[in-house]
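This report concerns only the one structure given below.
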Amino acid sequence: MTYHPKSDFLRVMQERGYLADCTDMQALDEALSNGVVPAYIGYDATAASLHVGHLLNIMMLRWLQKTGHKPITLMGGGTTKVGDPSFRSEERPLLTPDRIDENIEGMRKVFARYLSYGEGATDALMLNNAEWLDQLNYLDFLRDIGRHFSVNRMLSFESVKSRLDREQSLSFLEFNYMILQAYDFLELFRRTGCRLQMGGSDQWGNIVNGIDLTRRVLEGEIFGLTSPLLTTSDGRKMGKSAGGAVWLNGEMLAPYDFWQFWRNTTDADVGRFLKLYTELPVEECDRLGALQGSEINAAKILLANEVTTLLHGRDAAEAAEATARAVFEEGGVGGALEVVELPAATLGDGLSVAHFLVAAGLVASGKEAKRLVAENGLRFNNEPVGDANAPVTAATVGEELKVSIGRKKHKLVRLS
C-alpha cells in the first residue's frame, strides 16, 4: 500500500520520482510537517565541477528549500582525502589539499545557481567536513566512535560486497570512509540539528551507518532518504555523453553543449526528465512526455530551455536555442558555438584532415577520424568532407572554421 505523505517535501519527492527508499517515511513526514528540518547531501571534491549525474540530488535540495526546509551542502574536504569505495572497481587516485580546495570552489559556483545561501532559518548552508575530520585524534576516534561499528555488518553492504566478490582489493583507507561519513552525520546533528541525510541509492549503507551512530551516541531521531540511480531509457549512465562528462560549470562545458545534451534526450525519457530536472507542474510534464512523433521535439526544446535556464540563466538558454536553430535549420554558424583554439604552429604548412581533427581535440584518434569521413559524418562549413587525407592549411581554416561531426556536434576552430 502506497503511503501518501502530508508534508510538501515528501509529496514532491514522491510525485516527481525522486524517492527510492526512506528509513522511516511516516516519522520523517511528521517531522517535516511540524517545523524546519535541516537536511544534507555530501559531495566529495574529486573534480573541478559537478556533472549532470549530480543534478538530481541538487534538485532535491532545491525542492527541500522551496518547501520550507534548510538544505546543507557538505563539501568533502576531509573524506576526499580517503575516497569513497562504493561500487567502484578500483581505488580513487588521491588528490592534494590544494587541488581539493580548487575543486570545492568550482562546485560552490554551481550550488549558488540552485540554492539561496544565507543566515536565515531556511537559507542554505555550506560546510566542509575537513573542519572536524582534520582535527580528529586517531586513538580517541577509535575508542569513542570505532567501537560502535560492526565489521561483519559493514562487509555485508552491497557496495563493499560487490567489490570483494570480484576479488578486488579494498584498502583499509577506503574501508574507513564509511566510518568517516557516518561521523559526518553525527557531527552535523550536533552542530546544526541536521536530521536528514539524502543521497543516491548507492549511499544507503553509508547513510544507515550514520543514523545508527548518531542514535547510539546522541540518541537523535534522524532519517535517511535515497533517490534512484538514474539511467537513460537506453541504459546509459546519467551524466555521461559520447563526448564525456556533462559538466555543470560553464567554463568546462559551454552552455550551448549543455543545452544540446538535453535537446538530444530520447523520446521515452522526456516526461521523466521534465519532472526530475525542471519545476514545471507534474501534469504538464506528463502531457508533454506523452507527445508523439515530431510533436515531442517541442517538449525536448522546452526541457533543454528549462534546465539550461536554472543553471546558466534565461539569456544563455535562449542563445543556445537560437544557435541550434541557426545550425540545424538555417545552416548558419551561430554565435554561441564552442570555440576551439588551435595554435597556428601546430597546423604548420598543413595537416591531413584526420591529423587536424586529432590536433584540435575533436576526435580521439586518426582511426576515428577516418571512420567518421568514411561514414559521411564530417563537414567543414556545412560542406561534406570526403577524404581523410586531404590537406587542411591556414587558408582552409581562415578566420574560423565550423566543424560538424555528425548531426549534433558543432565547433568553431580558430588559429591562435
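Using the three backbone atoms N, Cα and C, a Cβ is placed for every residue, glycine included.
Annotation source Swiss-Prot lists L-tyrosine binding site at Tyr40, Tyr177, Gln181, citing sequence analysis.
The ATP binding site annotation in Swiss-Prot covers Lys240.
The domain 'S4 RNA-binding' annotation in Swiss-Prot covers 351-416 and rests on sequence analysis.
Across all of the motif ''HIGH' region' (45-54), the predicted model scores a mean pLDDT of 93. As annotated by Swiss-Prot, motif ''HIGH' region' applies to 45-54.
Sequence annotations record features per position, and here Swiss-Prot assigns motif ''KMSKS' region' to 237-241.
In the three-state DSSP classification, Tyr40 (L-tyrosine binding site) falls within a strand. With all protein chains in the displayed structure included, the most crowded Cβ environment within 10 Å among the binding-site residues Tyr40, Tyr177 is that of Tyr40.
Within 10 Å of the C-beta of Gln181 (L-tyrosine binding site) we count 28 further C-beta atoms, all protein chains included.
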